[in-house]
Structure formats: structure tokens, C-alpha cells
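S.K.: Summarising the annotation, Swiss-Prot assigns domain 'Protein kinase' to 30-281 and lists sequence analysis as the type of evidence. Residues or ranges marked as ATP binding site by Swiss-Prot: 36, 37, 38, 39, 40, 41, 42, 43, 44, 59. According to Swiss-Prot, the active site, proton acceptor annotation covers 149. Among the features that Swiss-Prot reports, phosphothreonine is placed at 183, with the record citing similarity to another entry. According to Swiss-Prot, the feature domain 'SARAH' maps to 431-478, an assignment based on sequence analysis.
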């Protein structure tokens, strides 16, 4: 089995590509073994470093991709040197592609392991993964970096069971100790309330996401996963902090850990350093307890791969790498992702890119990434809002509005039967008229209700924003006067 081979490999480890290696063609330095999947911005491959025989992950990115985001990801990885953060080895330009060489994590992502085993994790397994993840976050936060997309799909496991943070496609850096960001960025169900509200946030936004991730590992999905992401975006800031569906099934220490992560006021939320001293984390067992998870997931992956190969005709076998889902969570061709701004979702096999599985739930769990045109949030300073109140519209609302315009509402078949705004709810509650409609007409009416609901929610939000904006401006004005004194 591959995990055993990697553990027993006596060769020396690759730390960084030499100048000589970087001046060669990548094919002279690496043997590309197989395609792992489609990641954020490009394809991810498993490869072997010829000199050391070390397995690495190579992300191949077309140069027409969003180079600004790619350069940001490389910059973040270059600056990091932690056993709990995926390592960066070097980059190449090959024809029209940029090759990014990074650490390969043979265990895959935590979400992949849950999916392959069709089983959630127990408390001992969760505590061990959280301990390593918190060490990675402690390191990033000490370096004044915010990950901004913590979830099970972005936590990778090495063959030994070490958890590592990956996918820095949306990571950002704080350039001032008091700086806070105010861009909606991350994955909707894992977003901290202050991120959604765009009131500025700092490193503890990652701690909220970690609490949601802990629930995800325990229950298989994050809170609000069953509902539309837009509804979740309104519910997360207004509702009490989420918790387990059945808290009585979990230990008091685990429930307390979740409660400390999911404090709505970021000023009162615990830091990664503080949480590493929590009893639930301090009681974590060694990484060896995760090996059975890795072996079980690897066995299941091999079974599925063999089954897939038996089903494929000989002339189609060359396409297995592109069609195979179980070597990682793969991007679905022509996917139906209507709810994500920039799909950076699930990672696989140590590839520091994002893999998206094609099940229904994952289509709603991609990463929402909204940046200002001039990227001024990268200065680390909070942006002042100077626009009139009636023009204020959170970025995520603009995004969903664009999606609605893109996919449109059902076309009219009659002047009165399909436009939801023209359909008045019967005051007497009598819906017997529906019996005279065809199935197609009823289905069309049903399909038209969601856009109608979203428009009404947006109108309500505009009214709220119109009341909220003068208060925010008054607070900002008072702060400026205090600074002048």
C-alpha cells in the first residue's frame, strides 16, 4: 500500500528546489505519475522528484487564470515554514502553464476521508486533528496571516496523520497589528458573523470557522447545510451560535470547546493559542490513532478505483483519470454550482488546490470570494463607506443578484400564471384553484417562488441598511474626532 511505502522510504526529503533544478525543464526534475483532479485555477498532479524519489503535488495553472490570486497564494506559501502548513517547493513556467510544486499529503483531506468511509469521526480523532490544525493556525496568526477558508476540505493529512492547512487561494495578511479586513471571503456555511456583516475582522474569524469545522467532522456537514446559502448568510449573524444537533451525545469538554470557538463577539472569542490549552485539546491522543482512518480510506479508494476500471471499456481506459471521482473530490464537468462566487472548495490528496465533489451538498459549499477592484483590502486597513445609504449593498447580495440575472426566472406562458409578483396569496387560504392547473403550471409556479423570495429578502435588507448606515457613519465620525484630539 502506498502509505506504507512512503513511511518506509529511506531517501532524503526535499526541502526546496535548487536554483539548478529551477533552471531545468520540469519534466527533467519530476516524473508526473497521475492526475489528482481539478483544483482552484488549474489541474493538480501527483509527481515524483527524480533526485530524492519524494512524492510531490504539482498544480498546473493556465496563464490566463487569475494571476493576482495565484501570486498571492504562492506568496503566502513561500513565507510559511511549519509542519502544520503545506510546504511550497518552487515554481516553473512551461509553455502556457505555471507549475507550482508543493507538498503532497497522501492521506487526502478530512472531508475526503469522511466521504470515502461514509462515517463521521469520533471525539479522539477530532481532537487529534484539531490539535494539529490549531498549531497551524497559531503559526499563521503569529505571522499575521488569516487563512479565511478553514473547513474539513482544506485540512489535509499526511501519511503519518499530521494535519496540515492548505489552499491559500483566499488567504490574506494583516500588515498592521490593529488592521481588520472587511471583504466577504470564505465559504458561506463556515463564515464568521463579522465576515458576513462586513464590519471588519481579524485572525479570530478563522476560529469561528474551526468551530464549524469541528461540527462538520462530528456530524458530517456544517450547520445550515440543508438550506440555501443566501438564507444561511442572513441567519448566521442574527441567530444564536450553532451547536450540535444532539449535544447530549458529546462530552462536556467537546461541547465547551465548540462554544468557545463560536462566540459571536470576536473580541470575546478565544485565540488559537488559548484553545491549545483547552482540556479537550490537551487530552488529544497521538497521530497514530488516525492511521486506521487513513488505511480504511485508502482501501475504499482502491476498491472504487478497481470497480471503476472494470466498468470501463478498454478503449475508454485512457479517460479514467478524468472521470474518476474517488481519487479526490473532483470538479464536475458542467457543474451546477449556482451558489458560489469562486469555487475553491474541497481539497484532495495533498494537492494544495481545491477539489469539489459532485454531490448535491458540495455544490452549495464552495468558497465565496469577493474583492474590491483595487484590492485595497490588502493594505489591511478598514475601508470607509462613503456611498449614500440607498446604494449600500453587501457584496454577497450583489453576487446572488448576478446569479439570478444569469439563470433568469421562468418564461411566461400566460399573462398571469407564471409571474410570482402577480400571484396574490388567497386571503381565505383557499388553494382549490390549483386543482385546475396542469402539473407543468404548478411546477413552474413553484420554481418562480425562490427568486421572488430573494427579491423580498433583498428589499428588507435595503430597508435595514438604510437605517443602519447613518448610525455607522455617526460612529465613524466620533472615532475620527477622538483621533484628532
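Count begins at 1; order follows the chain as displayed.
Yeah, the Cβs are placed from backbone N, Cα and C, and that goes for glycine too.
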S.K.: Which residue among the recorded positions 38, 149 has the fewest other Cβ atoms within 10 Å of its Cβ, if you could check?
M.R.: 38
S.K.: Sort residue 149 (active site, proton acceptor) into helix, strand or coil using the DSSP assignment.
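M.R.: DSSP call for residue 149 (active site, proton acceptor): coil, neither helix nor strand.
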S.K.: Suppose you look only at the domain 'SARAH' (431-478); what would the mean pLDDT be?
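M.R.: Mean pLDDT across the domain 'SARAH' (431-478) comes out at 75.
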S.K.: Validating a neighbour-count step here. Other CB atoms within 10 A of the CB of residue 42 (ATP binding site): how many?
M.R.: 19
S.K.: How many neighbouring Cβ atoms, not counting its own, are there within 10 Å of the Cβ of residue 44 (ATP binding site)?
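M.R.: Its Cβ has 28 other Cβ atoms within 10 Å.
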S.K.: Going by DSSP assignments with H, G and I as helix and E and B as strand, what are the residue counts for the domain 'SARAH' (431-478)?
M.R.: 45 helix, 0 strand, 3 coil
S.K.: Once the chains shown are all counted, how many other Cβ atoms turn up within 10 Å of the Cβ of residue 36 (ATP binding site)?
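M.R.: Around residue 36 (ATP binding site), other Cβ atoms within 10 Å: 28.
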S.K.: Given residue 42 (ATP binding site) and residue 149 (active site, proton acceptor), what distance in Å do their CA atoms have, once rounded to a whole number?
M.R.: 18
S.K.: List the Cα distance (Å, whole number) between the residue listed as 'active site, proton acceptor' and residue 44 (ATP binding site).
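M.R.: Residue 44 (ATP binding site) has its Cα 19 Å from the Cα of the residue listed as 'active site, proton acceptor'.
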